[in-house]
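Contents: one structure, followed by commentary.
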Amino acid sequence: MPGIKRILTVTILALCLPSPGNAQAQCTNGFDLDRQSGQCLDIDECRTIPEACRGDMMCVNQNGRYLCIPRTNPVYRGPYSNPYSTPYSGPYPAAAPPLSAPNYPTISRPLICRFGYQMDESNQCVDVDECATDSHQCNPTQICINTEGGYTCSCTDGYWLLEGQCLDIDECRYGYCQQLCANVPGSYSCTCNPGFTLNEDGRSCQDVNECATENPCVQTCVNTYGSFICRCDPGYELEEDGVHCSDMDECSFSEFLCQHECVNQPGTYFCSCPPGYILLDDNRSCQDINECEHRNHTCNLQQTCYNLQGGFKCIDPIRCEEPYLRISDNRCMCPAENPGCRDQPFTILYRDMDVVSGRSVPADIFQMQATTRYPGAYYIFQIKSGNEGREFYMRQTGPISATLVMTRPIKGPREIQLDLEMITVNTVINFRGSSVIRLRIYVSQYPF
């Protein structure tokens, strides 16, 4: 008799029993006797017991008992039970008359299912699927999950539950992405900085080798972490766009790059020398070519080839004017017995020298010295002619010697002829005479 068992099971929850030796009836736990009606009524523990449930638990009254359930995961009651309403008010069986021996009556009473359950056609309490019947109270951001006797509201991925509401989780705060993170409702997306690409895991970034994929540089591409740099070949410099290379004009950097002339070329430069010079192994310095030594001159047999810096000079044989006589290839003498030689220098010696253009000054360029020293004689050195520009002077360095000093830089090409006179004075024999060095100075065109 399964139906009778179910009725007895429910009836036992609120059974009135006579107490031996006491005429008053008693009720089971969770019920209290209503003396006016003589019925056992449910006790609302949620109202009568202080702090029946503590913390985040909520008290739910039931017939003969109460439950504590979490506030954040409420379980809603079925249509046959409402703990917040007054107890069941249907007809209860009358109190049994006192008997000498207990005799439990059979009480006919409707079956009441616990909340979250409902009666099926076979009078069985079955779970109510609140999620399927749309009888839940989950908000649109939540997912309804049916449970035995109730349901729970859960949050979808990307949300977390707070005070009954599903709030978006800001995944970007927790460093889910390696580089750039964009939070969106319920999710997030990772992106990478320029120069990187997103890996298959959707979170980490990998460097893009721009040099291997597109090679944006005109000359040399060097891949770097997250970017690239362009480099230029020697002799070129990188333009402002960081991609193109333009020729570097090395000649404009310094006037001392080459000794003579700097010639710029795409990606390089070279030094050149003027005619009469050759370029040395350092590829910048120029050295004079000795045309006279290499017989690369145009002098005839009567002339003498004199090498200059950057050229040569064909010197004609000297001509001694009257009353002088030529006594060698470079010397003229005025005979003492000739009356015309009384006030003339005794000898004229021809000398040649060259100096570079713009030579630094002061510079000692020529030395003059008496070949014979007579007792009681002294010597005076002076520039007799050719120094109209006051570019030279004679400095006596000893009793019988002097030095020609250049005092001003001279720009070439230029030829200068100086007559340097040495006067001999002898007071013992009352003698005064002189001799002259006719110095021809060739100033080169270049300062080397």
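Glycine too: its Cβ is placed from the backbone N, Cα and C atoms.
Here is what Swiss-Prot says about this protein:
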type	residues	note
SIGNAL	1-23	signal peptide
DOMAIN	42-82	domain 'EGF-like 1'
DISULFID	Cys46-Cys59	disulfide bond
DISULFID	Cys53-Cys68	disulfide bond
DOMAIN	127-167	domain 'EGF-like 2'
DISULFID	Cys138-Cys153	disulfide bond
DISULFID	Cys155-Cys166	disulfide bond
DISULFID	Cys177-Cys190	disulfide bond
DOMAIN	207-246	domain 'EGF-like 4'
DISULFID	Cys211-Cys221	disulfide bond
DISULFID	Cys217-Cys230	disulfide bond
REGION	245-448	region 'Interaction with LOXL1'
DOMAIN	247-287	domain 'EGF-like 5'
DISULFID	Cys251-Cys262	disulfide bond
DISULFID	Cys258-Cys271	disulfide bond
DISULFID	Cys273-Cys286	disulfide bond
CARBOHYD	Asn283	N-linked glycosylation site
DOMAIN	288-333	domain 'EGF-like 6'
DISULFID	Cys292-Cys305	disulfide bond
CARBOHYD	Asn296	N-linked glycosylation site
DISULFID	Cys320-Cys332	disulfide bond
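Features recorded in Swiss-Prot, as mapped to the structure shown.
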residue: Cys59; record: disulfide bond; DSSP (3 states): strand
residue: Cys166; record: disulfide bond; DSSP (3 states): strand
residue: Cys190; record: disulfide bond; DSSP (3 states): strand
residue: Cys211; record: disulfide bond; DSSP (3 states): helix
residue: Cys258; record: disulfide bond; DSSP (3 states): coil
residue: Cys273; record: disulfide bond; DSSP (3 states): coil
residue: Asn283; record: N-linked glycosylation site; DSSP (3 states): coil
residue: Cys292; record: disulfide bond; DSSP (3 states): coil
residue: Cys320; record: disulfide bond; DSSP (3 states): coil
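Comparing Cβ neighbour counts within 10 Å across the disulfide-bonded residues Cys138, Cys320, the minimum falls on Cys320.
Cys230 (disulfide bond) has none of the recorded positions Cys190, Cys251, Asn283 nearby, counting only those with a Cα within 10 angstroms of its own Cα. The two recorded residues, Cys273 (disulfide bond) and Cys46 (disulfide bond), have Cα atoms 114 Å apart. The separation of Cys258 (disulfide bond) from Cys286 (disulfide bond), Cα to Cα, is 9 Å. When the Cα of Cys138 (disulfide bond) is compared against those of the disulfide-bonded residues Cys68, Cys177, Cys190, Cys217, Cys320, the shortest separation belongs to Cys68. When the disulfide-bonded residues Cys46, Cys59, Cys217, Cys271, Cys305, Cys332 are screened for a C-alpha within 10 angstroms of the C-alpha of Cys53 (disulfide bond), the residues that qualify, in sequence order, are Cys46, Cys59. Once Cβ contacts within 10 Å are tallied over all protein chains shown, the disulfide-bonded residues Cys68, Cys211, Cys251, Cys262 are led by Cys262. In this structure, the C-alpha atom of Cys68 (disulfide bond) lies 100 angstrom from that of Asn283 (N-linked glycosylation site). The recorded positions Cys59, Cys166, Cys221, Cys292, Asn296, Cys305 include none with a CA atom within 10 A of the CA of Asn283 (N-linked glycosylation site). Among the disulfide-bonded residues Cys153, Cys155, Cys258, Cys305, Cys320, the residue whose Cα lies closest in space to that of Cys221 (disulfide bond) is Cys258.
Mean pLDDT for the domain 'EGF-like 1' (42-82) in this predicted model: 73. Straight-line distance linking the Cα atoms of Asn296 (N-linked glycosylation site) and Cys305 (disulfide bond), rounded to a whole number, equals 10 Å. When the disulfide-bonded residues Cys211, Cys217, Cys262, Cys271, Cys305, Cys320 are screened for a Cα within 10 A of the Cα of Cys155 (disulfide bond), none qualifies.
According to DSSP, Cys251 (disulfide bond) is assigned to a helical segment.
Just so you know, of the disulfide-bonded residues Cys53, Cys166, the Cβ with the fewest other Cβ atoms around it within 10 Å is the one at Cys53.
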